[in-house]
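Handing you a structure now.
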Amino acid sequence: MKKLNLRDIKKAKGQKLQVLTCYDFQMAQLFNETDLDMILVGDSVGNVVLGYETTVEVTLTEMEIFGKAVRRGAPDKFLIVDLPFGSYSTVTQGVHSATKLFQATRCEAIKLEGAFPYQLKLIERLTQTGIPVMGHIGLTPQSVHQLGGYFTHGKTEDDGERLLREARALQAAGCFSIVLEMVEEGVATRITEELKIPTIGIGAGRKTDGQVLVINDLLKMGARTPPKFCPPIADHYQERKNLITQYLIDQRK
Ligand code: KIV
Ligand code: NA
C-alpha cells in the first residue's frame, strides 16, 4: 500500500480510515507491512508502556524517543506523534516543541489536544510553517485534572453545541483531521456530517470517518480490562502469561 499523504487523507472523508497507536520498533515493522492508514504515537505511551497514572507525566523527550523508534520501524506509514502536556502551554512554546518533535521523529503530522483560542493560534502557526496538525476534542486526557475525570462529552445540548463549535474552529485553524474521543454518538455524527475534514473517533460511536484505538487495548496486552469502546480481539496478556508459565515449568523439569 502506498504511503498516504495529507491530500489522500482529506479525500478519504467517509472511508473508514484506520488508525492504531504504536510505541515500539517491532510493532511498527509489523504495521508497516499491513494496510493500516496511519500510525499514532500517542502520549498513551505513558499509560500503557511507562506505567504512569496519567498522560500528564509524559515529556517531550519521551515522545521523541518513542516517535523515532516507530519511525525507524514504519518508514512507509503516515505517522502522527502527540505533543505532550506542558510542551504547548503558550503559542511560542508550542511552535518550538512541535518543530523539535517534527524534525527529530520525521513524522508526517503532530496531534495536540484542545481548541482554546491560543491553541487555535498555535495550529494556524504550525500549519503555516508546514507542520500538519491533527486536532483532538471531547475527552482530552491531558486535562483530566481540570475536567475532573474521564467521561463522555456532548451529553447535553449545550455541550454538544460547544463541541461542534470547537470542531469548526479546528477545521478553520487548519487541522487536516480531528480525533473525537468519548463524544456522544449523535454529536460525533453531526460533527462528522458538517466538517469537510475526516473525523477519527475513539468511543464516539460508529459514524465517524475513521477510528483510532490503542493497540495495547485491542490486543489486551495489559492486566486491566480495556475500556468498553475497545472490545479486545485477543488476550495477549493471558496468552503470554501462559507461555512464560509453561516455559518455566519446562525449564525446571
Ligand atoms: O494517546 C493516544 O493514544 C490518543 C488516542 C487515544 C487518540 O491520543
Ligand atoms: Na494522546
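Placement of Cβ uses the backbone N, Cα and C atoms for every residue, glycine included.
According to TrEMBL:
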type	residues	note
ACT_SITE	GLU181	active site, proton acceptor
BINDING	ASP43, ASP82, GLU113	Mg(2+) binding site
BINDING	ASP43, SER44, ASP82, LYS111	3-methyl-2-oxobutanoate binding site
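Buried or exposed, and what's around them? Tell me for each listed feature.
When other Cβ atoms within 10 Å of the Cβ of GLU181 (active site, proton acceptor) are tallied across all protein chains shown, the result is 23. DSSP assigns GLU181 (active site, proton acceptor) to a strand segment in the three-state reduction.
For ASP43 (Mg(2+) binding site), the count of additional Cβ atoms within 10 Å of its Cβ stands at 29 [all protein chains shown].
Around the Cβ of LYS111 (3-methyl-2-oxobutanoate binding site), the same chain contributes LEU40, GLY42, ILE80, VAL81, ASP82, LEU83, VAL133, MET134, GLY135, HIS136, VAL179, each under 8 angstroms and 6 or more positions distant in sequence.
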With GLU181 (active site, proton acceptor) as the reference Cα, tell me which of the binding-site residues ASP43, SER44, GLU113 is the closest one.
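Among ASP43, SER44, GLU113, GLU113.
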Could you round the CA separation between GLU113 (Mg(2+) binding site) and SER44 (3-methyl-2-oxobutanoate binding site) to a whole angstrom and send it over?
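Between the Cα atoms of GLU113 (Mg(2+) binding site) and SER44 (3-methyl-2-oxobutanoate binding site), the distance comes to 13 Å.
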Other Cβ atoms within 10 Å is the metric here; tell me which of the binding-site residues ASP82, GLU113 scores highest.
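Answer returned by the neighbour count: ASP82.
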